Every structure is written in C-alpha cells, then in structure tokens.
C-alpha cells in the first residue's frame, strides 16, 4: 500500500534497528481518515472470505480492526491484556511473550463473542516475532472458530514472525513490509527486491 | 440518544448497582456501524466549536473518539495507561484514581501532539466519578490547550462526576444518562423525570 509506505517514510522514525516509531498516525495519535483507508484496503483483500468476526488486541490494533469491521459489516472483538471488572467468566485465554519486555502476558476474550461458526480475521498493527498473532490465533482455535487470515498494518519482515506464519499456510496480508531499518533508514521489501 | 438507550436496554446488563456490562458493543466486542452513529452524534453536538484535537484514554475510549475524529476531520490522541517503548520523552502525565481498583494509575500523552493552539474535545466511554475525565482535563491544561468540552457515551448520573464537572462550567455531553441500576433495572434520567 503506497500511501502507507509514504506515511511511514515521512512520519515514521527508526529508533533503533528494530524499533519503529509511528506515534503520529497509528500508535498514539491516530489519523482517523488515513485509518479508514487502511480499513478499506484490508476489506478489499479479504472481502470474498465471508468473514463473520474480526479479532484484535488492545490498544493499537483497535482502530484498524474497527475500520475494517465497518467495511466488512462485521463485529470486532479486542482481546484484553488485563482483567476487566465486567469480563471475568467464560474467558478464552492465551499467553503472549514480549521479547522487548521479556515477559509473558495473558490475553483474553469472552467466549460470548466467538464460536465454532465464526470465520475470523485477525488484525493487528505490527507483526515482528509473531507472538501476538500466535496468541490471537490460539484463541481462535480454542473457540473452534476458523481462522481466515491475518491483516497486519506494518510487518517487520526482517524478523521471522511473518515467515513462520506463512510457512504454516496462514494467509498474512501486510500493508507495508519493512526489510530493514539499519542506520535509521527505513527500507521496504519491494525496494530491496529492486536492488 | 434513543438508539443508544435502546442498545443499553437490550444488550446491557447491570451486574450490580454501579457496574454496567456493555461488552457486546462498546467495551470488548465493538459494533463498528453503531459506533459510527455515536461518532456522528458527538460531531453534531460539537461541530461549531472549531475543535482541532480529540483526546481519549485507552482502550474503550478509542473507538468513539476515532469515529468522532472522522466526522470532525481532526486527529485523535489516546492517553496511555502504561509506558510505551516508543513513547518516553516529552510526556505530559496525570494521575487517575480508580475507585473500583483502589489504586492510582499514571496516564500520559506525548507533548508532540497537543499544544497551546489546540481546542480539545475529550471523549470517553464512561463517566462515573469523573476521575478519568479529570485526568485527561489536567493534561489538556498542562499543555496550555483549551478544553472545549467532554463527550461521554454512557454517564452514570447517580455518581457525582458529571455534576462536579458541570458545576465547574465544563460542557459535558453524555449520549445516555443512567439515573439508577437498582435491582438490575436500568433507568435513564429522562424516564426518571417522567415519574
């Protein structure tokens, strides 16, 4: 998605070789109109899949998931990272390991909102090591629902999450794939291919 | 907003006299099309206020805020409840006390995204004791920005947050005001007035 690459190039900042700051439109400040375009693009790619539910993870996954939900006309469920006062019974849980924080976190969704008849699209803001995606996929499996695919806004293709998922025949659609952030320069997979 | 009252009446559940579960469209599962209507309603109420920025709190405030942002054509910033890897410098912080969890939590936004020229609309999912709203307002004040008003999806009018804010001449627009949840029955302020 060219507009996203352009946005990352002009507003993103590689804080290190593997940390990308996109706080101006995705992770902290949100550009609603641009995120609407993101949702339209995910919907375009998955429109023939008869999706019945979108699952994401709070907080930065919510906006792209909801924007896709509007276009596909389906409900969105965001997995919680902490216990909620009103969400305690009938939980489907999964454990997500964070390499940056070096800790595992339990994430959960309510079994009220996903079941064996669902065809699920997982949406998230980033894909790096794939831990969050795997955690979400596990919950889809525990609910006996069918995973249709994974939509990612920005994939760090220099980490191995995307590769592992695709090797396991999971359909992964990343709207931008970064091949390198060495020396603060953001390079996309398509550009790498041209060299 | 009649459609919201109807949604709360059919899908909401009073777990106790002061805990309302609306996990099917707002706090866990999100109904994107309905939330779009919520955004349109906030935009209608605040459209003449020359708003330049919307501030909310992760996670459940994000969707109503972003939907309003689309309508008003402005950027949204969500305050974070925990430290982020890419959000460390130039933080504006505030402390929010949770009566249910009996603890204070520091929330933060980046000073990159709010300044003294901003006319700010605060959006949140719930208003009860007003602690979250006060925390967000404090950050607006610390940024020397101007608070235009507060948009709330569901106000628990039997708690005193809304009253305190209005006494301090803050414009609070709540799309649904619940006057009581005694004995599991949800009553709205308008109905109370009719008795």
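Just so you know, glycine gets a Cβ as well, placed from its N, Cα and C.
The xanthine binding site annotation in TrEMBL covers A:20, A:27, A:156. Here TrEMBL flags A:128, A:129, A:130, A:131, A:132 as 5-phospho-alpha-D-ribose 1-diphosphate binding site. Annotation comment: TrEMBL describes A:36-157 as domain 'Phosphoribosyltransferase'.
All features noted in TrEMBL, drawn onto the structure.
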residue: A:20; record: xanthine binding site; DSSP class: strand
residue: A:27; record: xanthine binding site; DSSP class: coil
residue: A:128; record: 5-phospho-alpha-D-ribose 1-diphosphate binding site; DSSP class: coil
residue: A:156; record: xanthine binding site; DSSP class: strand
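Residues A:96, A:99, A:126, A:127, A:133, A:134, A:159, A:161 surround the recorded 5-phospho-alpha-D-ribose 1-diphosphate site, their Cβ atoms falling within 8 Å of the Cβ centroid of A:128, A:129, A:130, A:131, A:132, which are themselves excluded. Contacting chain B by the Cβ rule (under 8 Å between Cβ atoms), the binding-site residues A:27, A:129, A:156 reduce to A:27. When the Cα positions of A:20, A:27, A:156 are compared pair by pair, the longest gap among these xanthine-binding residues is 15 Å. For the pair residue A:20 (xanthine binding site) and residue A:128 (5-phospho-alpha-D-ribose 1-diphosphate binding site), the Cα-Cα distance reads 11 Å. Long-range C-beta contacts of residue A:128 (5-phospho-alpha-D-ribose 1-diphosphate binding site), restricted to its own chain and to partners at least six residues apart, with a cutoff below 8 Å, comprise A:18, A:99, A:155, A:156, A:159, A:161. Note: the CA-CA distance between residue A:131 (5-phospho-alpha-D-ribose 1-diphosphate binding site) and residue A:27 (xanthine binding site) rounds to 18 Å.
Set side by side, the binding-site residues A:27, A:129, A:131 differ in how many other CB atoms lie within 10 angstroms of their CB, and the most is found at A:27. Across the structure, residue A:130 (5-phospho-alpha-D-ribose 1-diphosphate binding site) and residue A:27 (xanthine binding site) place their CA atoms 18 angstrom apart. Geometry remark: residue A:132 (5-phospho-alpha-D-ribose 1-diphosphate binding site) versus residue A:27 (xanthine binding site), CA distance 16 Å.
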